[in-house]
């Protein structure tokens with residue numbers, strides 16, 4: 001049986017194996033899917049070992065998306081633009097194709113939630129692989145984007161990298177202190193450690209919506225912080241996770257599974 005896995009650090013919390021189990025059951029396409037904790041400095045070695053053992057497809061989560069981008073022999077257009085890869089597929093010629101399904105996963109979920117409209121002003125918090133993976137579809141959708149990051153130079157670099165696609169305003173965290181945004185997206189990994197980004201509470205208001213690309217059974221730290229400061233419409237990244245996984249599954253198998261029933265099952269399991 002073909003082997004697939006998610007690579008990350010940490011990875012114990014990952015719902016990806018459960019999602020792909022549900023996709024396999026739904027489509028009748030069986031595949032073995034596991035999760036692999038990869039030492040921070042051993043991504044290349046872990047990937048080579050997995051491929052030698054019969055692996056043909058990998059999902060990549062933090063902090064390895066940029067390394068997967070470098071490792072891929074071929075890239076889809078959305079992966080090339082983002083500079084980050086969350087899905088690898090071993091081709092028949094033994095070359096690795098790198099894709100990024102994060103953006104389509106996020107956009108699909110934002111549309112499902114009715115969180116996004118054309119012309120909206122969006123603040124993206126974070127400038128790593130997760131943030132870069134979602135910028136292309138948001139720009140294509142017609143959104144106005146501001147990006148901020150703890151290391152401001154990275155926000156500037158990301159804005160410059162996407163200048164051919166659309167205008168992104170880089171802003172220092174310390175100067176963001178007014179409620180000018182329609183949608184605020186946390187694309188940092190701060191929630192994994194129970195932390196929040198170092199942002200001003202004054203960016204929130206009762207009219208903006210918040211989305212955390214991190215997910216957990218309870219409210220994420222970022223969403224709890226936003227709620228405390230007046231936000232009443234919010235969501236975590238579980239829907240995005242299922243959406244990006246569906247498009248990874250399509251890359252590997254040529255079939256796009258239904259997202260809604262899998263998302264419903266996961267929500268029920270998390271609540272219980």
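Cβ coordinates are placed from backbone N, Cα and C, and glycine is handled just like the others.
Site annotation (Swiss-Prot): shikimate is bound by 14, 15, 16, 61, 102, 215, and the candidate from 86, 186, 193 recorded at this site is 86. You'll find the Cα of residue 77 (NADP(+) binding site) roughly 24 Å from the Cα of residue 16 (shikimate binding site). In sequence order, 6, 7, 8, 11, 14, 16, 86 constitute the residues six or more apart from residue 61 (shikimate binding site) in its chain with CB-CB distances below 8 Å.
When other Cβ atoms within 10 Å of the Cβ of residue 149 (NADP(+) binding site) are tallied across all protein chains shown, the result is 24. Note on residue 65 (active site, proton acceptor): other Cβ atoms within 10 Å of its Cβ, all shown chains, come to 26. Of the recorded residues, residue 15 (shikimate binding site) and residue 213 (NADP(+) binding site) place their C-alpha atoms 14 Å from one another. Other Cβ atoms within 10 Å of the Cβ of residue 102 (shikimate binding site), summed over all protein chains shown, number 36.
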